[in-house]
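*Asks:* Pasting a structure here, questions to come.
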Amino acid sequence: MNQIHKFFCNMTQCSQGGAGELPTVKEKTCKLSFSPFVVGASLLLGGPIAFATPLSGTQELHFSEDNYEKLLTPVDGLSPLGAGEDGMDAWYITSSNPSHASRTKLRINSDIMISAGHGGAGDNNDGNSCGGNGGDSITGSDLSIINQGMILGGSGGSGADHNGDGGEAVTGDNLFIINGEIISGGHGGDSYSDSDGGNGGDAVTGVNLPIINKGTISGGNGGNNYGEGDGGNGGDAITGSSLSVINKGTFAGGNGGAAYGYGYDGYGGNAITGDNLSVINNGAILGGNGGHWGDAINGSNMTIANSGYIISGKEDDGTQNVAGNAIHITGGNNSLILHEGSVITGDVQVNNSSILKIINNDYTGTTPTIEGDLCAGDCTTVSLSGNKFTVSGDVSFGENSSLNLAGISSLEASGNMSFGNNVKVEAIINNWAQKDYKLLSADKGITGFSVSNISIINPLLTTGAIDYTKSYISDQNKLIYGLSWNDTDGDSHGEFNLKENAELTVSTILADNLSHHNINSWDGKSLTKSGEGTLILAEKNTYSGFTNINAGILKMGTVEAMTRTAGVIVNKGATLNFSGMNQTVNTLLNSGTVLINNINAPFLPDPVIVTGNMTLEKNGHVILNNSSSNVGQTYVQKGNWHGKGGILSLGAVLGNDNSKTDRLEIAGHASGITYVAVTNEGGSGDKTLEGVQIISTDSSDKNAFIQKGRIVAGSYDYRLKQGTVSGLNTNKWYLTSQMDNQESKQMSNQESTQMSSRRASSQLVSSLNLGEGSIHTWRPEAGSYIANLIAMNTMFSPSLYDRHGSTIVDPTTGQLSETTMWIRTVGGHNEHNLADRQLKTTANRMVYQIGGDILKTNFTDHDGLHVGIMGAYGYQDSKTHNKYTSYSSRGTVSGYTAGLYSSWFQDEKERTGLYMDAWLQYSWFNNTVKGDGLTGEKYSSKGITGALEAGYIYPTIRWTAHNNIDNALYLNPQVQITRHGVKANDYIEHNGTMVTSSGGNNIQAKLGLRTSLISQSCIDKETLRKFEPFLEVNWKWSSKQYGVIMNGMSNHQIGNRNVIELKTGVGGRLADNLSIWGNVSQQLGNNSYRDTQGILGVKYTF
């Protein structure tokens, strides 16, 4: 291909220009611009080129609203017959739909060549010695052109006195061009006198031109001069403004015409010229060859993204040889983005007062960024970011210009680097290897530059802090950027002050600086970490001073990162992160935080060994449980451990003795006081025997480790103790869920005096020495869940008399008085124990209920049926206390109910004899449980409860007392069956414990006798005012015991299966339409079960 191309270039002046080989690129093959002579040459070589039958003369095409697409055909008869006349244009296109340019399409198929007329040659005999200009091939605007053939501008005619210029291939505004083959400007005509050769035509010109090119777009070649004049200039491949180019093919400027006499060769054309340009190049963009080389890209306000070839034109053999540019910035604000595969050959020229931002995203480093020079004029601004930027030639900056370096960018030249007056260099350094880093370098020297010209901006540095970096000039050809730590000129220091969220990795060895001059009061061997950012030590440093962590994070990036340090001091609020790597600290004074590894880092299978002594100050914290999924990590302190009230945090999956847990191993002696906080990471809890080991020491003081806060799993409370349950291994510390009977009694007896504060409780629990006959400690939250379950099922469970009070019947006339609306208030107090014999619960409740009859009917002349509705609000607050651990938990229930009731009396008038009562209601509640030191839990519950009651009212005797008070005595045996169906769904606590209620659908039976006395004074005989005191004795039996299952371990209320209830009260009518009633009841059961309740009710008759 390249040999054929070379043949055509020599024989026919190839439109891409350039003797010699074109670059071979992927999807970037050179396309040839054919003149009619080229077509003939192709036929001679056997090329299968065929064209459709042409039209004749200049053609005009108009796109109407209904005509959106047209196939163009060739046009003939465009070249003039007369000497020196201009060639005719091929197509004029107009459109009625400028807003639909993308829909107004011209198609040129692969068998079509659209060529304008060629200019006529001059003829002295005809009186016209000048050659004519070539015509334009397509002229129009607001179009889409899809080319799979050839579009050629007309060539200029040759002349003795003057020659013709080549025509343009496509000209117009608002053109969207998709080119798959060839678009070429016409060639200039040759000159045979002292007149210059004709100029080549441009391939594409216009404004607002989006172009997608997969073929070849090239300017026409300039005409040769065979006399004493200059060669003609090559045309541009594309020129205009607001150009948007996507190139996977080739753009080429036309070659300048050769001067074979005493003149100069013509200028090579530019590949792309214009203002407001956007270029995405994955092909080749080539300047034209000539006496003055053409630019590959020339313009202003450009954005160029390159992963292909951008190459300036090359010299011809003429007497004038002026280098062109690969990229020529003529003004405005410009960007050059370099991707992998980018090749720029030729100079990059930035005119005065222009701006160029270069982003180098090519990290292969295989070739220089520019094969040429970088020349920036006066008052220019050049910004570099990304990878280093290399230039094979010279670099120059004019007066008052600026060079900005960002990230890890640098500028390196193989030639000279020169700076004019008042040039400013600004470097913004985010992160680098901290070894001496070349910001600027030039193999042949840097001139016009000093350190005063540079401004270093360190975006990681805390505002106002002393910079840990410094820049200096080395050997007159390098600007070096490095750490102040290594400075030998008196400004050295060892402080790294990083702002919040900043992270700096030091990848060079920090050794003692023996040549420091103490200007900054630095000892030359100590490291100080300040500021809220993170400093990472990635090498095995050898400095011998102290490591002071005043703020932020000091993180290890390798093992033994500070092995020779005299000691490490972690101040309050600061963090030392070992990153899971073994370290030597000699001494570690921790008033801040020490992390075994990064938060949420993967599990560490090997222990982290820290050599040196640990002092854990009051504000200090050592964290082994850096992630909830990393339980089982081990921290080894290869030295002594002294606690001054700091905290050690571990994780554990708590169960039996074989539970998986983080561990602290101390090779030396443990002394002082260290508080231990253990987080259960999903363990179900279980009964332990000897305990779960979490800490081991070579030797240990008593109470060197004290439990902080509660340690819970499932239904169990764990505690920290020294040694095993059997009293062995007192140099080790264990978690246990059990306590022996003797000391549980001691705990219970001393609870009121020795457990007055939580700290005293923790110390006592931690110091217990267990023996045989131990018991396992239960969490008090179990009692709160049970108390809530009891309340939600029982607080809305009235009997007939609780709901209606007494039925008032006149003792003389037997007349019945009743109401249709009632309100009652209930207050109660409950105390019960749980089956574990550790937990005791007390609860207080209030209920506000309202109801009334909505229907009254009868089946016979004597009976009566009443139907009513009722609703209520209730609230309970409970507290459960463990007498052994002194931990408590509080529960609350708050909810509503709504339902129906129905009562039937055998004798509606007398209200004696048999009666039946039933009710059914739906209840819903919000519940909470909050244990000491634990996150509060919230859950809901709902369900249906109902009851059926029957009784017989028997009047035994009536009499009038000596004070004229009429009395009637009634006996009322009664029975009630209640089904409690309110329940909560299974609930998972914040600590992972699964909570399930038990004892649901409980059936409660009540059997009892009620005795009442209705009395009316003689002074009230004309009124309805009367009173009824009563006394009830009931036996209550429950089919189930309310309980809870926590991670498979169950506990339940005791004492409520068989309960005796005593109830007494009085009811009466205060006025004809107002009655009140009230009673007090006391329930007693086994195991200290008791429930006290009072009711006050009001009835109103309408």
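Note: Cβ is positioned from N, Cα and C throughout, glycine not excepted.
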*Asks:* Hey, in Swiss-Prot are S244 and S1015 both on the same membrane side?
*Replies:* no
*Asks:* Kindly point out the range from 206-214, 368-376, 863-871, 1043-1051 that Swiss-Prot annotates with transmembrane segment.
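*Replies:* My reading of Swiss-Prot: the transmembrane segment range is 863-871.
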*Asks:* Checking feature assignment: transmembrane segment per Swiss-Prot, candidates 61-69, 331-339, 538-546, 808-816. Which range matches?
*Replies:* 808-816
*Asks:* In Swiss-Prot, which of 72-80, 666-674, 774-782, 819-827 is labelled transmembrane segment?
*Replies:* 819-827
*Asks:* Give the nonlocal contacts of the topological domain 'Extracellular' (872-911) in its own chain as ranges (CB under 8 Å, at least six residues past its ends).
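*Replies:* Cβ under 8 Å, 6 or more out: 710, 717, 719, 739, 744, 747-748, 751, 755, 761, 765, 775, 777-785, 787-788, 791-792, 795-796, 800, 803-804, 807, 809, 814-816, 830, 838-851, 858, 862-866, 917-933, 941, 945, 953, 955.
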*Asks:* Should anything in the same chain at least six residues away from the transmembrane segment (846-854) have a Cβ under 8 Å from its Cβ atoms, list it; otherwise answer none.
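*Replies:* Distal contacts: 795-796, 798, 803, 820-828, 866-876, 901.
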*Asks:* Looking only at the recorded stretches 863-871, 969-977, 982-990, which one has the largest tally of CB-CB distances under 8 Å to the transmembrane segment (955-963)?
*Replies:* 969-977
*Asks:* Do the transmembrane segment (969-977) and the transmembrane segment (1003-1011) come close, with at least three CB pairs under 8 A (pairs 6 or more apart in sequence)?
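*Replies:* Counting Cβ pairs under 8 Å, at least 3, so yes.
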*Asks:* Along the topological domain 'Extracellular' (934-941), what average pLDDT does this model show?
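*Replies:* The average pLDDT of the model in the topological domain 'Extracellular' (934-941) works out to 96.
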*Asks:* Look at every Cβ pair spanning the transmembrane segment (1003-1011) and the transmembrane segment (982-990), keep those 6 or more apart in sequence, and say whether at least 3 of them are under 8 Å.
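*Replies:* No; fewer than 3 Cβ pairs under 8 Å.
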